Structures are given as structure tokens and as C-alpha cells.
Amino acid sequence: TISFSWNLSDLLCSFLGLLYQEYRDKSTREEIETRRLQDSQTDPEETSPSEENPSEAEPTSTIENKAPPQINLLRNSNSRFNLWQDLPEVQSSGVLSILQPDEIKLQEAMFELVTSEASYYKSLNLLVSHFMENERLKKILHQSEAHILFSNVLDVMAVSERFLLDLEQRVEENIVISDVCDIVYQHTVNHFSVYITYVSNQTYQERAYKQLLQDKPAFREVISQLELDPKCKGLSFSSFLILPFQRITRLKLLVQNILKKVEEKSDRESTALDAHKELETVVKACNEGVRKMSRTEQMISIQKKLEFKIKSVPIISHSRWLLKQGELQQMNGPKTSRTLRTKKLFREIYLFLFNDLLVICRQIPGDKYQVFDSAPRGLLRVEELEDQGQSLANVFILRLLENADDREASYMLKASSQSEMKRWMISLAPNRRTKFVSFTSRLVDCPQIQCVHPYVAQQPDELSLELADVLNILDKTDDGWIFGERLHDQERGWFPSSMGEEILNPKIRAQNLKECFRVHKSDDSQRRKLGSRNRQ
């Protein structure tokens, strides 16, 4: 047992003076650079010089006759943010010569979770004290407007403060951190539901903010002045509003990082798996909350635009949402005549694809759509045509095994580009094999890509990306689009290939897959789902 203690009192809250937005950006960019370095190595399994000859001393050794070190995290506030092993108190304690390299990496992962929470709390505190409690802003905003804009942020901040205090207390117990995931688990189960409430309000929050900027010049002026305050470090008001959603997502990834470093089949692994599972539940509930709010309004809007030439189909349902919509060209006439004509052979149609239903329409005046056919999504099949010249490029066959008239129907459809054709085909028939085998097959070395530029999805079939996300490439197009599956949450979608860098080292790709399966190994139902998806 290493019997050192340290005193963090209030110092973590000012950790390096970084706001969470800055901390998060630095952390993810370091993660990207680390992967780039690993990917460039011919043998990623080679150890660094410090790891080749670890001390032979046992990690259970005791260090005695030392005064408890006092931590000062502000000492190098303008340098890169500190690692646990860089702290003078850690270096002077002698623990670095005792601990194995893997344990030091684990200490770093746990230390990052604590320090990042401190930075996050600092930013939340600024959102409340600098913006929410500003007297000029209070006079401008109606009580209902303030409630929509700031939601339950005070509850979120109180939860973060309580969480941080427990983390600080754990770190103060010993210079070598025993665990943090048990604390994460307890707080996630008992307190983190406040995040679901806050994040679910995001759609209304964004709309209210845009409306206030547009309708109230005084609000716009005060916000601009507050943003210019040096305290904000050039960061926008909206970057503070989105903090809770970013944090709960990042916290899950930080626990994943710990989980990858703990000893297999250990108590710490069990605790990390429990914490990760609970965090995943909260994150999914947050995502579902956001989607539910926006989906309901979207479905009502679509319902108003549809006029049925066939028997009417009820569009609005709590279990239905839009996957993709857009215009395609439909070929007229029999297939035998398709090579005898040019573009006049095609006429415009408009598709609304929901998670369980396809509606085929023609646009009519007044921003309306006349529905002339429909089919359950599970009864759709697609088939790509071989290249038959420019006029028939990007053409595919859509078959409805049972349409609105209870019969089989086929449509020959032309997309505007190769990527648009592939996107429609994958959306219409999601179980169809893609160019690359899904990462769920351990036997196949699936291409991977690391996100180096954040991306915000513009269409329902696209995937928003955060810096340092790692994805398996399931398909790609010649015009610069990738269909990927993110490793940490199995979310799928399209994104521009320019947003990432392909991971070329097969050993790093294999390591990423191994870590992914380890993170999700406690969820048997998840593994069954992944296996069945791969078989399809």
C-alpha cells in the first residue's frame, strides 16, 4: 500500500485555468496526434524506452517516512495541461519507479476524468454567474424565455459539484488513485437523470435562442457584450449552453478509456463495466429525448404536406420517424425501351422514407406531395444496375414486395450522383451487404477512419462526428462520401471523407476492435444484436 495523501481543496476547480471547451479540444487533439503516431509506426506493439526495462520492484511496496505532498495544479497554467505523472508531488513520491507502465496509464485515465470534471464545473459556473444571473439579461428576458433558454442548468451544476466533491475526496485519499468508476456508477444511477431533462430541451432551447437574437436587439447586444468578456476566452454563449450534452457523452468515453486499461477480470473492470453501462443508458435517453422532440414536429409538418391519391395511410405515430427524403428520377415505360431514349425517359418523383414505411409521391403546386404508392420498409428490395452509359449512370431498381395495392411493384430510379444512389440503397434496404464487411466480424480487417474535423449531420441518414471518433468504413463512394459505423456506440451514417484520416496500420485497427469488444462484452444482448446484424 502506498500511503500518500494529497490536498486538492479548490485547486481542481481552477485546473490550469482552462474552460471545459478548451480542455476538451486539447484532449481530443492530443488523442488524434497519439493515434497518428501509432499509425505511422511499423510495429505498434513496440514499447517506449521507459517501458522496455520497468522496475523489478513489486507494485505493492511501501514508501515510508515521507510528508504528505501538497498539490498545486496551477503551477504551470500556461503550459500543456499536466499529466498525473508530471505533477511534482507524484514525481517526488517515488511511485513512478514502483508502478508498472500499465498502471501509470490507468492513473492518467482516471486523473483525466477528475480534472475534466473540474474544468466542466468551472464552465458551468461561468454560464450561470456570467450569463444566467446577469441583471441586464434578467430584465430583458421573460421568465418563460429564461426557463427555456437555461432549462434546469442549476440542477445540472449542483449534480456536477456533488460529483466533483466525491471525486476530489477519492483522489485526496491516496496519491495512487484506487478507482473512480464506482463513484461514476453511483452518481449516474442516482443523480444524472438531470442531464436527460436538460438535453431533451435542446430543440426548444436552440429555437428560443435564435428567436431571441432575431426579435430582441437588446438581448443580442447584451449577449455580444458578455461574450467579449475575457472570462469567456472568445467562446460563444451557445458553446456554454451545449456543455451538459457534450459532457455526458464525453464522460462515457472517459470511462471507456479507463475500461481499456484496467486488468481483465478484476474488480476495477467490473466496476468500469457497470459505470459504462449506466452512462450508456443515460446517453441513449438524452439522444432519444432530443430526437423525440424534433421528430414529432417533423412528422406533423410532413403529414400536412401529403395528399393521398391512393388509400390514406396515417403518417403520425410515436414509433415512426423520418430516415430520408428527397427527389429521384423515375424511368417511364418498359425496361426494354430504356436504351432507346435519353433523359426524357425519366420523370421526377419524391420519396419519404420512414423507419417502417416508404411513401412515394409526386410534387404538386403549393409545396404539397401527392402520394401514389407506399410499402412497409421491411418489404423493400434494391438492386444496382450495371453501368450502361451516362444516361443510365447511378440507376437502381427498387422493388416493393407488397405495395399499396397488395401487389409487387418495381421502380427504376436514377439518383443525381453515386453517393446519393448508395445512400438511398442503404437507407431503403439496410440489411443489404455493403462494400466492406461490418466490424462485427472479427475475421475481417475492416477499413477504419479517425475523425480529424468535427461534422454536423445535414440529413437524417448522416452521422455527426466529434474529433477523435474512430469508425469502421462500411462503404465509400468515388465522389467523397463514407458510410461508417462508430466503434464506441455502433451508430451508423454517412459523412464526407474529408472529415477523417484512414487508419492504415492493421495492428492499430485490430487493437481498436479488441478494445471495442471489451467495452461492450458485458452486454450479451448487444453481442447477439451485432452477430445477427452481421449474418444478415
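Positions of Cβ are set from backbone N, Cα and C atoms, glycine also.
The signal peptide annotation in TrEMBL covers 1-21.
Under DSSP, the residues of the compositional bias 'Basic and acidic residues' (29-38) split into helix, strand and coil as follows: 10 helix, 0 strand, 0 coil. The compositional bias 'Basic and acidic residues' annotation in TrEMBL covers 29-38.
Marked as region 'Disordered' by TrEMBL: 29-69.
For 42-55, the entry in TrEMBL reads compositional bias 'Acidic residues'.
Summarising the annotation, TrEMBL assigns domain 'DH' to 105-289.
Sequence annotations record features per position, and here TrEMBL assigns domain 'PH' to 321-433. Here the domain 'PH' (321-433) is broken down by DSSP into helix, strand and coil counts: 23 helix, 53 strand, 37 coil.
For 444-505, the entry in TrEMBL reads domain 'SH3'.
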Overall pLDDT of the domain 'DH' (105-289), taken as the mean: 95
Outside the compositional bias 'Basic and acidic residues' (29-38), six or more residues from its ends: residues with CB under 8 Å to it: 44, 450, 452, 467-468, 470, 501, 503, 505, 508
Residue distribution over DSSP helix, strand and coil in the domain 'SH3' (444-505): 3 helix, 29 strand, 30 coil
